[in-house]
Amino acid sequence: MSSKGLKSQKSTKRKVTESSDKFDSLKSKKPKLVSGEQQQQHGKPKFVKPKSAGDKEQSTNLSKKERRVQAKELTEARKKKRKPHYNLEQELASLWEKMRRRDIGKEDRSKLISEAIRKMKGKVPEIAVSHVSSRVLQTCVKFCSQAEKDALFAELQPQFLNLASNKYAVHFIQKMLDGASKQQLAACISSLRGHVAPLLRHVFGSVVVEHAYHLGTAAQKQELLAELYSTELQLFKGLTSATEKTVVDIIAKLGLQKGAVNRHMTAIIQPILEKGIVDHTITHKLLIEYLTIADKTSAADVLQLLTGSLLLRMVHTRDGSRLAMLSIKHGSAKERKKIIKAMKEHVKKMAFDQFGSMVLACIFSIVDDTKLVTKIIVRELEASLKDLVMDKNGRRPLLQLLHPNSSRYLSHDDLAALDLSVPSLCSMDKSETSSKTKDTDGNESGEETKDEQEDTLAEHTDHEENVTAMGGKKDPLVRRQELLVNSGLAERLIDVCVENAEEFLKSNFGKEVMYEVAIGGSDGILCPSLSEKLCELYEAISSVAAKPKPQESEKDSEHILENFHSSRTIRRLVLDCPGFASTLFKKALSGKCRSWAQGHCSKILSAFLETEDFEVREMAKTELQVLVNEGTLKISATKKPE
């Protein structure tokens, strides 16, 4: 072994022995008492004894109750030092306990409120930031007179922006805005000018902006929104009017640079999305307007940020549901899967929502992964089919599967939302593709290698997958077949209709689903595989119609043939579904037509003579023609079949 190795071994041994000796010496040493002079030299000791021996004996002699009282007094003393209006807050809290009771009289409550407002005079902005006092102020605003409300508003107005970002004062501000006059609301909205963007990035400030946006007029809403479009609109007032409703119109009128507007809006939107403050209507409107002018990369980035749980917090508004539809339309297969998985256990709530139901209808129309849609969405809808059929909004996803994009069931605005798309993501660079085709066609040598062709094809497919996926690749009829028939949803829906035939037909909303199911859906999607089930439905409706007429005393139980909604639906079924018409006539109307020739049922009888099906006409003609000749049953001349 070398000399260097021996030296290193010796040094390590020496170090170990030295450290062990030090450790033993520390063990053997006893702690020394430090004199008062030494303490003064070294400064104050680290741990000072809090109490003397006498105090300690006194505290030990106290009972548990006395110690609790002493601790309470100490905490109150600390609060008095920390809060300048602590005594006032205690007085207001005692008044609040009395004024908020339900069994108190109006006069007594108004006296208590007047007393509380008198004590708070001149201190409202300072008191509003307290947890307890903000509740007192909310109760005062709710029950006080208009003069007292104006006095509170006068104190609030100068500190409006400071209080808008406070955790507790924000609730008081919302109450004040609810009860504010037009002039007071306009003053509040004007005080927000120049501060809308920072407040939207704040958790509590965004609530105040949203509340003001919700209460404001169309012009005031436009004023709040325009500030988010460009710096010029933020600095100068009155540049826009009510006619310019969109950012595209404002850019065209003022001649603003589209790139500058895009950058300004991106700087505002990005922190809002990063913080996840996406619950507000004004934010949804801002995002929709941004997507109309954003370039391809910016629009794709925003839609990608929205994928997932953020969309569930946005589908409750008109613009929020449109953002969700755009994310589904332009998202890749992976992003769509993420969106649908985030909807798990929330599908029912979405289906009963006015705008959330349209998002589900959009998924049924676009997403090709029918297994995933069946597993997460269809299975959750199956659990509450009866409630969905009877609900105005809940029936929309079902009707979209039975009869897609029908103007009878969807409004013009709903159909426009389903057709909505992002302009920059829709244009697949047609100019670039056309120039590429020109280059390949105009190649004189015509010697393009096989590798170059494969590269261009790969670039084109990647571009399609990443940027736009407008709709699915599947045939819409095949997609509907898989979601409606193969999933078992249609069979379960027919069973529910059989069980609740009378209730659905008499319902203003349920009758539409019943009609579409009975005729087999658009393009006859239910007929080939579920024709036996449909015959059971025809029998169920006919058995209800075969019941005898109720007596005059039984006014509550209206017959299905005399009810307004059910009679119109049955008439449509007679005209459009020969199988149902023949079953109904044979089981419920044959030999009884004269007794049903009056009222709403007469329209059903006339439908048997107006239908285009020859066999149905001939079956009912012998009995109904007699009533027509007598004048008992009237048939429109324009509706007579040839």
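Heads up, the Cβ atoms here are built off N, Cα and C, so glycines get one too.
As given in TrEMBL:
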COMPBIAS  15-27  compositional bias 'Basic and acidic residues'
COMPBIAS  68-77  compositional bias 'Basic and acidic residues'
COMPBIAS  429-441  compositional bias 'Basic and acidic residues'
COMPBIAS  442-456  compositional bias 'Acidic residues'
COMPBIAS  457-474  compositional bias 'Basic and acidic residues'
DOMAIN    18-405  domain 'PUM-HD'
REGION    1-86  region 'Disordered'
REGION    428-474  region 'Disordered'
REPEAT    155-190  repeat 'Pumilio'
REPEAT    191-226  repeat 'Pumilio'
REPEAT    342-379  repeat 'Pumilio'
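Applying DSSP to the repeat 'Pumilio' (342-379) sorts its residues as follows: 27 helix, 0 strand, 11 coil.
Break the repeat 'Pumilio' (191-226) down by DSSP state and the numbers are 26 helix, 0 strand, 10 coil.
Panel annotation: around the repeat 'Pumilio' (191-226), residues 157, 160-161, 164-167, 170, 173-174, 177-178, 180, 185, 233-235, 237, 239-240, 242, 244-245, 250, 268, 271-272, 275, 277, 279-283, 285-286, 289 of the same chain, lying at least six beyond its termini, place a Cβ under 8 Å from a Cβ of the stretch. For the repeat 'Pumilio' (155-190), DSSP puts the residue distribution at 29 helix, 0 strand, 7 coil.
The helix, strand and coil residue counts that DSSP assigns across the compositional bias 'Basic and acidic residues' (68-77) are 10 helix, 0 strand, 0 coil.
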